[in-house]
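Novice: Pasting in a structure now, in structure tokens, and then I'll have a few things to ask.
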Amino acid sequence: MDRRIYGIETEFGLTHSAPEGPALSADDAARRLFAPVLAWGRASNVFLPNGGRLYLDVGSHPEYATAEAATLHDVVAQDAAGERIVDELRSRLQESLDAEGVRGTVHLFKNNVDSAGNAFGSHENYMIARSTEFSRLLGHLLPFLVTRQILVGAGKVHPSGPPAFGAFAPGDGAASYSFSQRADHIWEGSSSATTRSRPMINTRDEPHADAQHYRRLHVITGDSNMSQTTTALKIGATDLLLRMIEAGQILPDRTLADPASALRQVSHDLTGTARLALADGSSRTALELQHEVLEAVTRFVQRHGAHHDRVPWVLELWERGLRAVAEQNASLVDRELDWAVKKKLLDAYAASHGMDLSHPRLAQLDLAYHDTSPTHGLFHMLERRGAVESFVSPQDVSRAVGQAPETRARLRGRFVAAAHAADVNHTVDWVHLKLNGPHSQRISMCKDPFATTQPDVEEMIRDLAAGAV
């Protein structure tokens, strides 16, 4: 495809910590967090003027889904904007509790596992051509997804070692560090379920666009990333592989014998050299599989050209990330890739305090890395110190908080803003815009995710502004 729509859905962890008194339950904290959302949108599931969706997911997890983005720059900016929007709700709740004299601190975490072992996700969405043979795409994509965590994993401390396969309890071995948070909680390669079986790819066919032309690839195996550059590499590298598959490029069959088991193997092997069993009886390492894809993608780009100006950046960081693992030199990427940024921070703290990874303080710092608070979060502390790289500017993120990208999201965002300004009841989803007037209803279907204008929607927006609804 010459153009693609991207989106990221992020579930956040929420907790109220009150060492000197009773803490709010998860349900109470979530209910109070979303009180301003309910007041604004009359529901806890709303679309915002920037085109994104904000809602409470299963288990009292705040979730933000970015607006449809058509560029790597925009999807990274929208993801960062979502974190800022949800953290603003956290800040408002903290102020409210402080004013009421309720002791304690509200924490919002952009991570994937809580202290009880419950997992929550970060889902990536890629629009693909309906004509793409889906089974072929899955065959090439799964080995890539299993092994890309050596680049884009968020990193995780295991104070008592890795958990046993299929177990929620901590391990009973030596303390260790893994590439991925999510890997220990994925059970199969692909499925139409997301919560029961936790697959790597959700195969339920919900395109949120013209189903004759498009399909939505829903990837749910990735970690939530604090680093913008890690997010950009995650989306950018996956997009390049998809382009190559869609173009009919012939790739070797690297079907894994057991993708879920391989996912764990890769996560807990920081050398990238564990042998992964393939379905044909042979084996490959994560480094070998990633190098194979990178080399094929590089040749593809050389033949067909780069489809956006950040492709060289993606390829360079991809290669450097693999070199960092191969050479066991995380300093090559400890400003750009989450697992390496976090590891550098933890290693320095442990060395200066005479600790190892089994110490509870290291697990606390692991969690604090993902705290979204600009003042308390460790990643944001590194950001303020200039210790990590960015992919978009703070101004880009601020703009994305209130403004939709140049896609269908721009139409939706303008419609939502106009309906709220006119105080007119309305219903919105990814495709439909509906005015629920006192005497009549008007509905528009926006099936083209790239369209920034549509006559019937423009008419509704004009009528809302004129008070003619």
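Easy rule for this one: first residue shown is 1, then count along the chain.
Here the Cβ of each residue, glycine as well, is placed from N, Cα and C on the backbone.
Computed from a predicted structure; not experimentally measured.
Marked as active site, proton acceptor by Swiss-Prot on the basis of sequence analysis: Asp57. The Mg(2+) binding site annotation in Swiss-Prot covers Glu9, Tyr55, Glu63 and rests on sequence analysis. Per Swiss-Prot, ATP binding site is recorded for Arg53, Thr66, Trp430, and the stated evidence type is sequence analysis.
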Novice: What other residues of this chain sit with their CB within 8 A of the center of the CB atoms of Glu9, Tyr55, Glu63, the recorded Mg(2+) site?
Specialist: Thr10, Glu11, Arg53, Leu54, Asp57, Pro62, Tyr64, Ala65
Novice: With the ATP site defined by Arg53, Thr66, Trp430, which remaining residues of that chain have Cβ atoms positioned within 8 Å of the Cβ centroid?
Specialist: Gly7, Glu9, Phe47, Gly51, Gly52, Ala65, Ala67, Glu68, Ala409
Novice: Just name the most isolated of the recorded positions Glu9, Asp57, Glu63, going by other Cβ atoms within 10 Å of its Cβ.
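Specialist: Among the recorded positions Glu9, Asp57, Glu63, the lowest count of other Cβ atoms within 10 Å belongs to Asp57.
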Novice: Are any of Glu9, Thr66, Trp430 (the binding-site residues) within 10 Å of Asp57 (active site, proton acceptor) when you go C-alpha to C-alpha, and if so which?
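Specialist: None, since no candidate lies within 10 Å.
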Novice: For Trp430 (ATP binding site) and Glu9 (Mg(2+) binding site), what Cα-Cα distance in Å is obtained after rounding to a whole number?
Specialist: 13
Novice: Return the residues near Tyr55 (Mg(2+) binding site), defined as same-chain residues 6+ apart in sequence whose C-beta is under 8 angstroms from its C-beta, sorted by sequence, else 'none'.
Specialist: Ser44, Asn45, Val46, Pro62, Glu63, Ala65
Novice: Count the Cβ atoms, other than its own, that fall within 10 Å of the Cβ of Trp430 (ATP binding site), considering every protein chain shown.
Specialist: 21
Novice: Distance check, please: Cα of Arg53 (ATP binding site) against Cα of Glu9 (Mg(2+) binding site), rounded to an integer number of angstrom.
Specialist: 9
Novice: With DSSP assignments reduced to helix, strand and coil, which class does Thr66 (ATP binding site) get?
Specialist: coil
Novice: So how many other Cβ atoms are close to Thr66 (ATP binding site), meaning within 10 Å of its Cβ?
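Specialist: Neighbour count, Cβ to Cβ under the 10 Å cut-off: 28.
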Novice: Using C-alpha atoms only, work out the spacing between Glu9 (Mg(2+) binding site) and Thr66 (ATP binding site) and round it to an integer in Å.
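Specialist: If we compare the Cα positions of Glu9 (Mg(2+) binding site) and Thr66 (ATP binding site), the gap is 6 Å.
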